[in-house]
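Copied over from TrEMBL:
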| type | residues | note |
| --- | --- | --- |
| TRANSMEM | 92-108 | transmembrane segment |
| DOMAIN | 93-226 | domain 'EamA' |
| TRANSMEM | 120-141 | transmembrane segment |
| TRANSMEM | 157-176 | transmembrane segment |
| TRANSMEM | 182-203 | transmembrane segment |
| TRANSMEM | 212-230 | transmembrane segment |
| TRANSMEM | 253-273 | transmembrane segment |
| TRANSMEM | 285-305 | transmembrane segment |
| TRANSMEM | 311-333 | transmembrane segment |
| TRANSMEM | 370-390 | transmembrane segment |
Amino acid sequence: MAASADTITDDGNHTVELTVLANEESEANGGSAAASSEEITPLLTQIERPKINIFSVSRSRRKPRELVIKAPETEISPVSQFMLWAWSGSRYSGLLCMALSSVIYFVMEVLSENFTAQSIPLFEMAFVRCTVTLILSYIWLRRIGLPIFGATHPRKLLLLRSLVGYLSLLSFIYCIQRIPFSLAILLSFTTPIMASIMARIILYEKLKITEIGGLACSFSGMLFIFQQMLTTQGGLQKTEEASNSSFRGSNHIYAALIGFFSSITGGISYCLIKAAAKATDQPVLTVLSFAILGSPAAGICTFAFEEFVLPSFNSVSLMLALGILSFLAEVFLAHGLQLEKINKAANVMFLEAALSQLWGIGTSSIAPSLGRLVGCILIIISVSFTMFFGPEKENE
């Protein structure tokens, strides 16, 4: 005898059925019972879902700690953030690069005046600067993976930039050795005006009235500053007395014309720098091209036109430091010309003269005067106006 029970659930009501079979009947129906049990078993068996709670979930604690540790490594210092922003992160980047270039040139001037312990010929100093610039430019381009000579098309621009740039440097060195230092510097600061004129002729840049006014205001400030230096016996008395013998001769007009020619070629060189930097999309190539020609040419001129002077350790250290600063100033200058119109970028170059005069007045190395203060104020107002209101979105 066998008994089987079956439970059926229907809407919460339970029904129990009891069936009693005989042994023979159960044996006869054994196969069918087994089959029915196989059919019933899946219906009764339910797959139990695993119970999940907050203690059963395993979490890796190493990844968050690794992220916390790596976070400080990706932080950038404020100085680096400012440099990145000034280089390419703002619409003011072009003018900021020009301002940084002027500040670096001003720092070079301060270092030259305060730490020069030995008289070094100008061509020898130019040779060291060009050599340092050549090495640093080569390292820069190698690290970013760019070819040294760039593409084939801009090579003509780079070659012209090198020739015109070195011609401007050669003319300026000739000029500064034969006329008073203050007059030579005044002539050199006509380069921004020449650059604006040449940009209108060569690059077809539009010259607005506001830009003409900014250049006129800055150059008027230069006239106020150097008028005092030329008419008074101030800190440049020794320099003027040393150069009076050549200035009073018959060649002083010729030397002044050579200085003006240096300004014209310098203005053309700025136009070529802008064109080459845009064509290559890498301003360091313009710096390298000038150094490739300038370094051997300055070395030849050192032995051909001047007497070589063996520099001391302090002089070598100073020239190396000035070479590094010169490289940075030229890179910022090339990038600023690449991003901004020459008419606006050239006006920022007058900032160097204002900083130099203010530093001299602050350190009592230059006698303060009304003309110098008026000149510095005019330059600062003009440059500030260009910096804050100059960058415009123009459809060139």
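Placement of Cβ uses the backbone N, Cα and C atoms for every residue, glycine included.
No curator has checked TrEMBL annotations; they are predicted automatically.
Long-range contacts of the transmembrane segment (370-390) within the same chain: residues 92, 95, 99, 214-215, 217-218, 220-225, 227-228, 340, 344, 347-348, 350-351, 353-354, 357-358, 361, each at least 6 residues beyond the stretch ends and with a Cβ under 8 Å from a Cβ of the stretch. For the transmembrane segment (120-141), the most Cβ-contacting stretch among 157-176, 212-230, 311-333 is 311-333 (pairs under 8 Å). Residue counts for the domain 'EamA' (93-226) under DSSP (helix as H, G, I; strand as E, B; rest coil) come to 106 helix, 0 strand, 28 coil. Long-range contacts of the transmembrane segment (253-273) within the same chain: residues 157, 160-161, 164-165, 167-169, 171-172, 174-176, 178-179, 183-184, 187-188, 190-199, 202-203, 246-247, 283, 286, 333-334, 337-338, 342, 346, each at least 6 residues beyond the stretch ends and with a Cβ under 8 Å from a Cβ of the stretch.
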